[in-house]
Amino acid sequence: SGQVRGLCGTFNGDQRDEFTTPEGDVEPGVAAFANAFRAAGACPALGPGIPDPCDGFPGSRERAEAACAVLMGPAFQ
């Protein structure tokens, strides 16, 4: 505790500094934080919105909703 930082956060009990970049800046959003760790040219930068993972995989939303329905059902209430 208190000895880590990076994409997994700081693990110091203060959620306000979870998005600390390698330069020590605290980013307010996920995209800017993730882009701070991006290797130049390795992948495209994230835009301000978070992409929906189901958009790239047809049929995934239905499978995910069916799987989540089990967790939201009476067995786990």
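Each residue, glycine too, has its Cβ placed from N, Cα and C.
Taken verbatim from TrEMBL:
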type: DOMAIN; residues: 1-44; note: domain 'VWFD'
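Secondary structure of the domain 'VWFD' (1-44) per DSSP (helix as H, G, I; strand as E, B; remaining residues coil): 10 helix, 2 strand, 32 coil.
The average pLDDT for the domain 'VWFD' (1-44) in the predicted structure is 84.
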